């Protein structure tokens, strides 16, 4: 690496790079040889413990101010040892130059100490040391990560004055900086001024837009890229997933396949995430088979974890367990995913066995692990074990319980009908309850018919002003179930006054690799006539089987026949009917619903599964329901 000679430009002074011997007792030739030896030692150093002994030799031989050696020492200390140790070394340097500043700023950025990196850069500027493109690129990364817009703009001005802002690498760093800070217009201006807007620059611009939900603008840039690489395709797919555009992400992946572009690990994980959220099991299976055919994509923690999550969330927990068993190496994240998946499917005992296996392997559980295992205890109604796990968090692992862990205990107590105990538990918590926890108790009050406590919990929610649409609907359901139509109407009026819209129920089903969505009373589907004919046929069979619609759960004070009609067109029923007419007999029907399955639909689906001989798997907002032979895996509590 060459160093610049002394020069003055404006108020900036280029640092002296004289390699004059700091110790006159050491000959120049000997010093040069020593320098080469120390740099070689530092470059080959693999262990942080070796740095101290090498540094001691550097000091003893009088080379502690040699800029070449110091550069390697700072770089290595930041990487292997500690950025604090590197900072201590830097403070003892008599005349640090731009390269030494760059080495330490890079160290701060790599360690996530962005503010320290920014401060050090401006210290360098105040000492009249001229920045080069490398240190500007590094500090811009720090500014973007720290969302330091004002400081980043100052760096941009300095780069412009030095004639560096037109440098391609600096321009792209500036785009990334403005994008992270939400200044997409400024990023776009820089992008438009570039003479060479290739796939790399375009990918940066695409990420800028997608990071801030500007999907249309990202697609516009993406469509203009003539030659797209895997990174560009992956950025687009990942951004669509992060913005909730799952169907669009999967369509983009199909287009990628048509272009014969090979995905990488990140692409695969993004696609599996989209499949997970949509419940697109068949496409997820295809992606899995693709991984098997392309051996360069390994079943590591990253990909294996994504597969476990996909199969768990798409309703095939047996395949998720098979993937878990196949993995040669598992980390705590892998275990967390498996425990969580088993809990969602009501396999509480298996989840606990996996947890105990993790502990035997010497892996320490995390806060997320305990959320998963407490959920498993809740879904299995394992009260004593749940409390044992809850207390072991802080006692055995030093993990203080958070709101999610308290919420699991409330959910567990509510499940088994210990409503007063759950209420007292909330009252005695060290932290304030949130609306999710109180909503869980409110739901339990409805299920177990304790309307008095339910009203009490609802009042607490309303007094704290944290009521969402789901809570309003739940409270209105409680009043409707107890025949208090006036109170139910008042709740609906409050929703209307507050501009609170009930989230519409939506159910989806995957058939022949296509996702079909249904809303309440949906008439948009091309096969709507066949669907409603099947629905009418089922309703008749269900009546003959003795099914009585749970009309007390319908919010409106209307005639019973109108209530029955309202229940009959719920979205999950339409999705199941479509599944019955479009899939082969005896195959499993899998439905994903965005809300909780209502009581009437739950009892109705149990009967449908029994009558048709089908297994029906429904994933709602909280968990999975496996309907088979007239029973449900949730034990009629969800």
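Including glycine, each Cβ sits where the backbone N, Cα and C put it.
Note that the coordinates shown come from a computational prediction; the quantities given were computed from them, not determined experimentally.
What TrEMBL lists as domain 'DYW' is 546-638.
Feature annotation from TrEMBL assigns repeat 'PPR' to 97-131 (among others).
Note: the repeat 'PPR' (167-201) comprises 26 helix, 0 strand, 9 coil (DSSP; helix = H, G, I, strand = E, B). Annotated repeat 'PPR' per TrEMBL: 167-201 (among others), in sequence order.
The feature repeat 'PPR' is assigned by TrEMBL to 229-263 (among others). Sequence-remote contacts of a segment are chain residues at least 6 beyond its ends whose Cβ falls under 8 Å from one of its Cβ atoms, and for the repeat 'PPR' (229-263) they are 199, 202-203, 206-207, 209-211, 213, 215, 218-219, 222, 270-271, 273-275, 277-278, 280, 283, 290, 294, 297, 515.
The repeat 'PPR' annotation in TrEMBL covers 300-330 (among others). Sequence-distant contacts of the repeat 'PPR' (300-330), counting only residues of its own chain at least 6 positions beyond either end whose CB sits under 8 Å from a CB of the stretch, comprise 265, 268-269, 272-273, 275-277, 279-281, 284, 287-288, 291, 337-338, 340-342, 344-345, 347, 350, 354, 361, 588, 590, 617, 619, 624.
Sequence annotations record features per position, and here TrEMBL assigns repeat 'PPR' to 331-365 (among others). Among residues of the same chain six or more beyond the repeat 'PPR' (331-365), those with a C-beta under 8 A of the stretch's C-beta atoms are 301, 304-305, 308-309, 311-313, 317, 320-321, 324, 371-373, 375-380, 382, 385, 397, 399, 619, 623-624, 626, 633-635.
Marked as repeat 'PPR' by TrEMBL: 468-502 (among others).
Mean pLDDT of the predicted structure over the repeat 'PPR' (167-201): 94.
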